[in-house]
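Heads up: the structure comes next, in structure tokens.
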Ligand code: GDP
Ligand code: MN
């Protein structure tokens, strides 16, 4: 997960890196008020998760609060490389003496981290790196040794950074390791007129694999805005909300992806991607089913399971258990194959629920679910409801 600049700035600040005073706002009026609090003259910066904001016109100096309001109004709503600007950071301007580049990133091939440092930081760093790679130093960092004072000095010397940056170099390393980041980048890191070392920008990418031990990330994550996705994340279920009307549940990402394709091939649209996983329990099946049934767009549900470690009887038990607590209001098509398929089918057969349909093949199940989604839609208007005839 990438962080916004203002979130990265927080992490740097907490770890002792100097950053300009700043506030984040989402209206032009609030930008004006923030500028008043910050002393009048401010820099207005678009908060989007992409680089090159400066070149795109998303970073502007404003001389006074009135100019801050006008500038914020221009930047809010702007599109930067496909990202809409919803918020701006209003920051105290810094008198820049020189701009440098400093970052740590993971070198997967080498199984090490990499410090990247350059005396020629700023908006042209990509051009510098392409045209004169020798101006951008890359120093391997052994994760077990970390960045000692000697290592920090080595990085500073290699990149041509002043000796005074070693403290900042070590603090950036602390941000990377303490927060399980894959990337911590400051461009530009500046020397100010009065000789301080200040991070003028910040980019941090957190390692999603470390989410289990970083509970504070959930608050920073704005991807799970959809309430169903948020609920799935809390239950530890792999779920992505889609636009269609056929709810899809399967085990294993590959099988679920193919199920989406087969549903689409039947002329219907999948309402979600839900993977109960390879070793799912009956409880996970129950949680997943109640989640999909709670999606108001879903008109039929297709459960497609190839039993392996999760045997089909456990999946059938999960469905039965889910129906104890969740009222089934939409047709459910179940295709069970693989480990203990016969037992699973028998359990569902015994259930004899009028809305639960079984199918032998994936294609047949998808066609049935698509058809039921259609008939569910028309029965809502009362035209093809057999009980009304
Ligand atoms: P990016 O283009 O997305 O990387 O955004 P940055 O935050 O790096 O800002 C772009 C450029 O604006 C920086 O490289 C600086 O040259 C300049 N800049 C940003 N804030 C200030 C500031 O407070 N003072 C000065 N003098 N320049 C700034
Ligand atoms: Mn930058």
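Every residue gets a Cβ built from N, Cα and C, even glycine.
Whatever TrEMBL says is automated annotation, not expert-curated.
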>> The ATP site in TrEMBL lists 52, 53, 54, 94, 99. Which one of 45, 151 belongs there according to the record?
In response: 45
> 308, 309, 310 bind substrate in TrEMBL, but which of 209, 251 does that record place at the same site?
Replying inline: 251
> Are there any residues in the same chain, six or more apart in sequence, whose C-beta is under 8 angstroms from the C-beta of residue 308 (substrate binding site), and if so which?
Replying inline: 251, 252, 278, 338, 339
>> For ligand 2, list the binding-site residues among 94, 187, 201 whose CB atom is within a distance below 6 Å of it, in sequence order.
In response: 187, 201
>> List the residues in the vicinity of the substrate site, defined as same-chain residues other than 251, 308, 309, 310 with C-beta within 8 angstroms of the site's C-beta centre.
In response: 252, 277, 278, 279, 280, 305, 306, 307, 311, 338, 339
> Which one, from the binding-site residues 45, 53, has the smallest tally of other C-beta atoms lying within 10 Å of its C-beta?
Replying inline: 53
